[in-house]
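As written in TrEMBL, here are the features:
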{"type": "TRANSMEM", "residues": "12-35", "note": "transmembrane segment"}
{"type": "DOMAIN", "residues": "22-283", "note": "domain 'G-protein coupled receptors family 1 profile'"}
{"type": "TRANSMEM", "residues": "47-70", "note": "transmembrane segment"}
{"type": "TRANSMEM", "residues": "90-111", "note": "transmembrane segment"}
{"type": "TRANSMEM", "residues": "123-149", "note": "transmembrane segment"}
{"type": "TRANSMEM", "residues": "229-255", "note": "transmembrane segment"}
{"type": "TRANSMEM", "residues": "267-284", "note": "transmembrane segment"}
Amino acid sequence: MDLCVTIKGVSFLLQTGMGILGNTVVLLAYVHIFYTEPKLLPVDMILCHLAFANLMLLLTRCVPQTMTVFGLRDLLNDPGCKVVIYTYRIGRALSVCITCMLSVFQAVTLAPAGPRLSRLKPALPSLVLPTFAGLWLLNMAICIAAPFFSMAPRNGTVPAFTLNLGFCHVDFRDSLSYVINGVAVSGRDFGFVALMVGSSGYILLLLHRHSRQVRGIRRPQGAGAETRAAKTVITLVVLYVVFFGIDNAIWIYMLTVAKVSPVVADMRVFFSSCYASLSPYFIISSNKKVKAKIVCAAEQNQPSVDNQESRDK
């Protein structure tokens, strides 16, 4: 195994391991919160669903990608490729949509109450689940073409207009279907990214106005929690936009060439998965509820470790 392959394999392995661990911890923390508290806040429900979408993305894309880099072949047959690629596309789409949803919900929460918002704000908790259902249906419909073009790798040369994922091929047959698929996916992503950037800019404006108004005045109870939540949302949006920009710059390049190099495809996979791997650690570090559950679980586990060490002595 040469140095380039080793570096690529270790990079994917670290990214996949960190991402799966982080998102699993966030999900388990929210499951515990769900059973110990009467109800979850809208932001908590959205963050929980974001962790689930990111975990789905990592399991269906980074895990087989890492196995392929280390030399494992014939991982999936044609039906397996169709299921994995379709699930990955949905998970990736949900990641951007739910991040956008998080930003919009937080902007509505912080916005000054007006004639319209006075009715919308109390209804936010009841809108979370229908919004989830709508995003799932939307992305399942947009990504429906992926299974028809996905297949297990064939021996021989890779045809033109084929995305060589290593463990699967996505063969678009001709340039028209290749470009239409690219435009549909990119158009959806750019639309949601534009919406999340706009709502995040509005959040920053509200925070700036609030800081000027309360300068020298004691902050009201609960303002600190709202500010921390808003900063977490902005951090996640900035993180997504950075990796989204790199991902789509590579994707636009891939749309302009008939045969895509496996190295270029690997680079796109790595950068497009960075958000799914890093975002749970921002959630853990900034969300007091999640952090408290993790600390509590660690403290409960510590006595059993100490008792075991004392018995060993």
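For all residues, glycine too, the Cβ spot is worked out from N, Cα and C.
Between the transmembrane segment (267-284) and the transmembrane segment (47-70), three or more CB pairs separated by 6 or more residues in sequence fall under 8 Å, so the two stretches touch. Sequence-distant contacts of the transmembrane segment (12-35) (same chain, six or more residues past either end, CB-CB distance under 8 Å): 44, 47-48, 51-52, 54-55, 58-59, 62-63, 65-66, 69, 269-270, 273-274, 276-281, 283-284, 289-290, 293-294, 297. Per-residue pLDDT, averaged over the domain 'G-protein coupled receptors family 1 profile' (22-283), rounds to 83.
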